[in-house]
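As structure tokens, the structure follows; a few thoughts come after it.
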Amino acid sequence: MXXXXKSXXQXKIXXXXXIDXXXXSKMTSWWNLGSLLGICLRLQILTGLXLAMHYTSDTATAFNSVTHICRDVNYGWVLRYMHANGASMFFICLYLHVGRGLYYGSYMFSETWNIGIILLFAVMATAFMGYVLPWGQMSFWGATVITNLLSAIPYIGTNLVEWIWGGFSVDKATLTRFFAFHFLLPFIISAMVMVHLLFLHETGSNNPTGIPSNIDMIPFHPYYTIKDILGLLLIIMMLMMLVLFSPDMLGDPDNYMPANPLNTPPHIKPEWYFLFAYAILRSIPNKLGGVVALVLSILILAIIPLLHTSKQRSMIFRPLSQCLFWLLVADLLTLTWIGGQPVEHPYIMIGQLASIMYFSIIIILMPLTSLMENHLLKW
């Protein structure tokens, strides 16, 4: 086996990337998330492929084709709910992965970090387009509201929206192109993941201390392959519990009603993994301002390496920065909660405060705290 893995040219690339890759000996379970994301992506592509064989991207039949998958296709309901809840697992892993990068200073690998941000945008776009495909009420109105935000762009906005819609409203053309892009994007994401890993393997992995560990390295296989299997078992257990016990827990009941352009649902909201960004969007009364804030809520990750003022890379020995990090996590959870609430008196104010907090923690408080910690440590 050893000889075969080393000799064939293609096998050699795979062996170098996944088996013999030297990894730091101190990496905790927070470093499992990368492989879990890879598994989530594979699972989504496989279940999505099987679903696409039975789905029709036509406004007249889309809703019925999804019903047909759940009722008539062998284990179609398992495929459908694994795909829908697999997206939730994907985003849980994604947000934890980004959080790990923030906490341990992995953003100092700027190429890997920037490709990661592009990947995050690509996955979010894919998930949004996938949500439109069942053509339920929330699919239709979610697509209408979110694509309509582009009309806030000065001068070209209206033309741009009509170009994306393929008409004067979300209709057959929109659904067909969303299906085409939803099918295509995961393969583009897979290619970008390879580039992400390529840049990561140029520098080697970070570790919890944030100190270079070139002196103490171990092979990826068998140590981290075995360690990753634990995370895999946990995520599969979570996913299967969701799929088999409460498959609709994270979905919206409105999506069980066929799309009706004449009847607007009382509360239009996206899936739970977009609620924090949706809350930031809604907290600004101006349309263009809201769109800018929405994009910046993710794009702000790109300037985090520039805001790193600490002499230490990781937060593991910086208690004040740790407090701010967990405050940021609590703030994001608050935003997620607010995004799912109606636009009423207490929620509007809480959402605005949480949005201000989100940006001020990242842009102002974290860099200042890092400088203060440097001073306290006499550096």
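Yeah, the Cβs are placed from backbone N, Cα and C, and that goes for glycine too.
Copied from Swiss-Prot, the annotated features are:
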BINDING   H83, H182  heme b b562 binding site
BINDING   H97, H196  heme b b566 binding site
BINDING   H201  ubiquinone binding site
TRANSMEM  33-53  transmembrane segment
TRANSMEM  77-98  transmembrane segment
TRANSMEM  113-133  transmembrane segment
TRANSMEM  178-198  transmembrane segment
TRANSMEM  226-246  transmembrane segment
TRANSMEM  288-308  transmembrane segment
TRANSMEM  320-340  transmembrane segment
TRANSMEM  347-367  transmembrane segment
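Rounded to a whole value, the Cα-Cα separation of H97 (heme b b566 binding site) and the residue listed as 'ubiquinone binding site' is 17 Å. At the 8 Å Cβ cutoff, the transmembrane segment (226-246) and the transmembrane segment (113-133) share fewer than 3 close pairs (sequence separation 6 or more) and do not count as touching. Long-range neighbours of the transmembrane segment (113-133) within the same chain, counting only residues 6 or more positions beyond its ends whose Cβ lies under 8 Å from a Cβ of the stretch, are 48, 55, 57, 62, 66, 87, 90-91, 94, 98, 101, 106-107, 139-140, 142-143, 146, 170, 174-175, 178-179, 181-182, 185-186, 188-189, 192-193, 195-196, 199, 270-271, 273-274, 298-299, 301-302, 304-305.
According to its DSSP assignment, H182 (heme b b562 binding site) is helical. Every protein chain shown contributes to the tally, and the Cβ of H201 (ubiquinone binding site) ends up with 14 other Cβ atoms within 10 Å. Between the transmembrane segment (77-98) and the transmembrane segment (178-198), the number of CB pairs under 8 angstroms, six or more residues apart, is fewer than three, so the stretches are not in contact. Beyond the ends of the transmembrane segment (178-198), by six or more residues, the same chain brings 17, 38, 41, 44-45, 48, 52, 55, 57, 112, 115-116, 118-119, 122-123, 125-126, 129-130, 132-133, 143 to within a C-beta distance below 8 angstroms of the stretch. Residue density at H196 (heme b b566 binding site): 21 other Cβ atoms are found within 10 A of its Cβ, drawing on all protein chains shown. H97 (heme b b566 binding site) carries a helical DSSP state (H, G or I).
Using a 10 Å radius centred on the Cβ of H83 (heme b b562 binding site) and all shown protein chains, the other Cβ atoms total 21.
Spatially close to H182 (heme b b562 binding site) yet at least six residues away along the chain are G48, T126, M129, G130, L133, judged by Cβ distances under 8 angstroms. Separation of the C-alpha atoms of H83 (heme b b562 binding site) and H196 (heme b b566 binding site): 24 Å, rounded to the nearest whole number.
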